[in-house]
Amino acid sequence: MEISEKAPAKLNLSLDTPFRHQDGEHEWQMVMTAIDLADYVHLKTISNTKKIVVLTNTGFLPCDHRNLAYQAARKLQSLYHINEGVVIKIDKNIPVAAGMGGGSSDAAAVLRALNKAWKLELTHAQLATIGLEIDSDVPFCIYSEPALVTGKGEIVTPIGDLPPFWIVIAKPKASVSTPSILRQIDYASLKHQNVPGIVAAIQKNDYDAMIATMGNSLEPITAKRYPDILRIKNKMLQFGADAAQMSGSGPTVFGISQKQSRAQHIYNSLCGFCNEVYLVHPYSLVSSKK
Ligand code: ATP
């Protein structure tokens, strides 16, 4: 059986961590959206073997058990005693190690696709629980619609459509290792975000309140190591973005605008300054199926 699945990138409109669990994992409070910059995952199941083969259009991504898409397939296969293998071809468009959840979204797309191919009939909540064992962003990526994400990443509460806006994304050259940033969190000095405020703003479809409550508590930590983050953020604001901030643990910065012409101006201006720049929209896996 052959099946293809879209794996959209994510951005954090709000990111905070109120405390660390005793097992070392962080408690998260995040408001996330998927965007229409996406990888595409093509799967072909193969009988008489349990082999999992991963192929990508990049030269640098691991294709063995270190690939999150491989881990997702292996997990479903062993949990549900599937006697079939699968070839997974990933068309990679999402920048890697950028704070845009590319690996997690590939893993989530594999879980959604194999759920159909192997007729497992698992709910999104069940797939999210399996996905959490791969990465804390996989549960959100299973849903890929605007959501409040709490717990260790496994509690995904959809919050409805966002008010309409354009997004300019710029990725500085650096690749950021998420664990190395998380190790530097100092809870005594961490600046917290108004997460309930942004959820309420989105639910009221109030764009101004939404931009006033956006924020990322990890931004000062990553920006200290990669000053380009603040340079790009300031450029976005200077070129007219309504708000600009880092996504995830960075280094990707995004700016938003309700006006297409202003977003285009920010995009054009940043193209000369940064070599990976994108102009995109929020995306919802649910709305795309309506
Ligand atoms: P996170 O913040 O969730 O750790 P990220 O968005 O910053 O993720 P990814 O692009 O997911 O970064 O890559 C993080 C690491 O995962 C990289 O070191 C990369 O080699 C590894 N990885 C494994 N599988 C994949 C995949 N399918 N796509 C991208 N990266 C992958």
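Every residue gets a Cβ built from N, Cα and C, even glycine.
Noted in TrEMBL for the protein shown:
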- K10: active site (ACT_SITE)
- 67-144: domain 'GHMP kinase N-terminal' (DOMAIN)
- P95, V96, A97, A98, G99, M100, G101, G102, G103, S104, S105: ATP binding site (BINDING)
- D137: active site (ACT_SITE)
- 199-274: domain 'GHMP kinase C-terminal' (DOMAIN)
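On the structure: features taken from TrEMBL.
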residue: K10; record: active site; Cβ neighbours (10 Å): 28
residue: P95; record: ATP binding site; Cβ neighbours (10 Å): 18
residue: A97; record: ATP binding site; Cβ neighbours (10 Å): 18
residue: G99; record: ATP binding site; Cβ neighbours (10 Å): 28
residue: G101; record: ATP binding site; Cβ neighbours (10 Å): 29
residue: G103; record: ATP binding site; Cβ neighbours (10 Å): 27
residue: S105; record: ATP binding site; Cβ neighbours (10 Å): 30
residue: D137; record: active site; Cβ neighbours (10 Å): 28
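Along the domain 'GHMP kinase C-terminal' (199-274), the predicted structure has mean pLDDT 97.
Between the CA atoms of A97 (ATP binding site) and K10 (active site) there is a gap of 12 Å, rounded to the nearest whole number. Each residue in the domain 'GHMP kinase N-terminal' (67-144) gets a DSSP state, and the totals come to 43 helix, 7 strand, 28 coil. Across the fold, the C-alpha of G103 (ATP binding site) and the C-alpha of K10 (active site) stand 11 Å from each other. Taking H, G and I as helix, E and B as strand and the rest as coil, DSSP gives the domain 'GHMP kinase C-terminal' (199-274) the counts 41 helix, 11 strand, 24 coil. Apart from the site residues P95, V96, A97, A98, G99, M100, G101, G102, G103, S104, S105, the chain places the Cβ of A9, I94, G248 no farther than 8 Å from the centroid of the site's Cβ atoms, the recorded ATP location. Listed in sequence order, the recorded positions among K10, P95, A97, G101, G103, S105 whose CB lies under 6 angstroms from an atom of ligand 1 come out as A97, G101, G103.
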